Amino acid sequence: MNEKQRLETSQVQAKDSSDKKSDKDYSKYFETVYIPPSLKEAKKRGKEEVKYHSDFGIPEELLSMGNGRKFYIRTYGCQMNEHDTEVMAGIFIQLGYEPTDNRDEADVILLNTCAIRENAEDKVFGELGHLKPLKMEKPDLLIGVCGCMSQEESVVNRILQKHHFVDMIFGTHNIHRLPQILNEAYMSKEMVVEVWSKEGDVIENLPKVRKGSIKGWVNIMYGCDKFCTYCIVPYTRGKERSRRPEDIIREVRHLASLGYQEITLLGQNVNAYGKDFEDLTYGLGDLMDELRKIDIPRIRFTTSHPRDFDDRLIEVLGKGGNLLDHIHLPVQSGSSEILKLMARKYSREHYLELVGKIKEAMPNASLTTDIIVGFPNETDEQFEDTLSLYREVEFDSAYTFIYSPREGTPAAKMEDNIPMEVKKERLQRLNSLVNEISAKKLKEYEGKVVEVLVEGESKNNPEVLAGYTEKSKLVNFKGPKSSIGKIVKVKVIKAKTWTLDGEMVEETVEVN
Ligand code: 5AD
Ligand code: SF4
């Protein structure tokens, strides 16, 4: 950590929580410099060089901190957050803690939070309400809030004001500081707040405890510079920083050697991969071209931004092999006017042109998308444009959302002038279309043989196995438990509303 970052670290210890409810200036409660998370700071995109650290290590004196103690992490939000949880779990294990899935027996509870929509935040505040009595019962319990919500000053202020029983708040840029933050929390028993509004570094060699041994996540980049007007992510996750190709390739090779069958490359805007390299002209297409040579059956990536989805990537994806032809390509709206208000930097026509190119290179590609309804000023006609685009592309499925204003974003300054009833009605109409087309697409599978990566027993019936096709369709079928973790051929017998039922026809599929 350089001096500048040290200064931008807001390591805070609340001295007194009894009388701070009415006061907005918290500085007097803190012994050390209080630099709160700042959306304004987080918005800045400087030219500072990204520094790479491959020397993550835990100070010797902290290594036994967790002996005899248990940790519990509750994760909200996207796969990036899930993966951050895997890293934090890895750090806990290195510190000697044991994992538990029963929060009542935990000594440390972390809420790894999501800020994308208001309801995601409401869930976290609801959970904090539930944790309060537990803390009263067990005063030695440490409760921490981390993840995207911690990067928002309004959230940090609300916790400081109303949730005094929280012991730690730390942000998305400093999860590698978990050992020191825990140590502070134990030493002081006062609220420790460490949120860096300026990121900049890429830390390699962080320990990880992966959730499974069949599918793995690999970060390829952090942050987002797109600043879509509705979106909080560029503020909570900072500027775009790519990991070096050799580090990514090494990690994928390692997972392949451990027997992992599927890798999902992660980034908030994976198509901008490599744009920040100053010494290298290298993009996602180049990376995929290297990764396809690795002996691992399936590689996918998420999430894409249509603006940066380039011809080189399409050309490489067209080579097939272990590069899956399922592309998640968020469109957000089918109206060029709304896309402009959203600052998506593409039009309906550009999006359709891109879809055309993808389908030409990968004739069987399945496309899924994200859509927001009820963005400020969205007219009925503009919403109809979204429906017509959806029909034209024939997405396999979609995540659909009602627009939720996020404080500090440009859209939050626009008048949120679509009545909730109208937003809900639009969402319902969109969802009916999504369901209609998904059902039609699933029906087309009946009688066909698909390759299924078997993940385990079905949640509803232990007699039945469940797994996913290359295009992420959930398939349930009867088969031997020995096929768990393998790719098998299954004949689809029946399409249900969301899933496929099948019969296994062949145990192991050779890929490549
Ligand atoms: N309101 C509603 N949906 C949002 N998304 C992002 N920000 C908002 C918001 N403020 C949706 C987008 C994005 C997905 C991850 O969440 O569709 O692609
Ligand atoms: Fe939520 Fe976005 Fe943060 Fe993921 S990156 S946890 S979706 S706010």
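Any Cβ shown, glycine's included, is placed from N, Cα and C.
Just so it is clear, the model here is predicted, and its values are computed rather than measured.
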Per TrEMBL, what member of C146, C148 joins C78, C114 in binding [4Fe-4S] cluster 1 at one site?
C148
Local backbone state of C148 ([4Fe-4S] cluster 1 binding site), from DSSP in three classes:
helix
Whole-number Å distance between the CA of C224 ([4Fe-4S] cluster 2 binding site) and the CA of C114 ([4Fe-4S] cluster 1 binding site)?
15
Secondary structure tally of the domain 'MTTase N-terminal' (69-187) (DSSP, helix then strand then coil):
66 helix, 23 strand, 30 coil
Return the residues near C114 ([4Fe-4S] cluster 1 binding site) by Cβ distance under 8 Å, restricted to its own chain and a separation of at least 6 in sequence.
Y76, G77, C78, N81, A120, E121, V124, G147, C148, M149
Neighbourhood of C231 ([4Fe-4S] cluster 2 binding site), C-beta criterion under 8 angstroms, separation at least six:
I116, C224, R406, T409
Could you check the binding-site residues C78, C148, C224, C228 and say which one's CB has the most other CB atoms within 10 Å?
C148
